[in-house]
Amino acid sequence: MAASVRQARSLLGVAATLAPGSRGYRARPPPRRRPGPRWPDPEDLLTPRWQLGPRYAAKQFARYGAASGVVPGSLWPSPEQLRELEAEEREWYPSLATMQESLRVKQLAEEQKRREREQHIAECMAKMPQMIVNWQQQQRENWEKAQADKERRARLQAEAQELLGYQVDPRSARFQELLQDLEKKERKRLKEEKQKRKKEARAAALAAAVAQDPAASGAPSS
């Protein structure tokens, strides 16, 4: 109580020290509202568009009630608007059953995906030993082929040196031209040998088939 009295006295003292021509602050009175609803002129181009729709009518009815002249039934949404609102609500605010079903479908899809991935991994692991064997065999074949090419090229170079003489530089154009000619003949010879082996294999297969079915070979031709 004593503290409030001292505070009041200090405020009075401050007011007494003000200049004679000064006065205390006085707020303006709040603007007076019109006693009734205000309806904008639809012909006025400066009228905001939202004031010409049902939203503004709803505000006037909420403020003035029946004095606004708004029919309450006109504020309800139309059947089409209700359907749109219901569709929007179902999309953004689904029911608990819908959310549970969506979660169940998602979990089933994830489980199916996991099982397929595990099955794929198991199949790959089962194929891994054979894949390693095939890879090792391929590496061995590549190495053997590289060694054979290296030996063949060394043999052709030695043959070219015997034909041209050992004093000829292997980097010379004459030596390289002869080496290319020898390689061409070598490839032709290998191709002919391969074709010959294929013909011999076909002939052997035909002879084996005839030997297994002698009746067919001895049948008279019409």
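We number each residue from 1, going along the chain as drawn.
The backbone N, Cα and C atoms fix where each Cβ goes, glycine too.
Residues annotated as coiled coil in Swiss-Prot: 99-212.
Here the compositional bias 'Basic residues' (25-36) is broken down by DSSP into helix, strand and coil counts: 0 helix, 0 strand, 12 coil. According to Swiss-Prot, the feature compositional bias 'Basic residues' maps to 25-36.
For the compositional bias 'Low complexity' (203-212), no residue of the chain approaches it from at least six positions outside its boundaries, judged by C-beta separation under 8 angstroms. Per Swiss-Prot, the feature compositional bias 'Low complexity' maps to 203-212.
Look at Swiss-Prot and you will find 19-46 (among others) tagged as region 'Disordered'.
The region 'Disordered' annotation in Swiss-Prot covers 188-222 (among others).
For the motif 'Nuclear localization signal' (184-200), same-chain residues at least 6 beyond its ends with a Cβ under 8 Å from one of its own Cβ atoms are 152, 156. Here Swiss-Prot flags 184-200 as motif 'Nuclear localization signal', drawing on sequence analysis.
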> Restricting to the same chain and to residues at least six past its boundaries, which positions have a Cβ under 8 Å from a Cβ of the compositional bias 'Basic residues' (25-36)?
Replying inline: 64, 67-68
>> Summarise the compositional bias 'Low complexity' (203-212) as counts of helix, strand and coil residues per DSSP.
In response: 10 helix, 0 strand, 0 coil
> Tally of helix, strand and coil residues over the motif 'Nuclear localization signal' (184-200) according to DSSP?
Replying inline: 17 helix, 0 strand, 0 coil
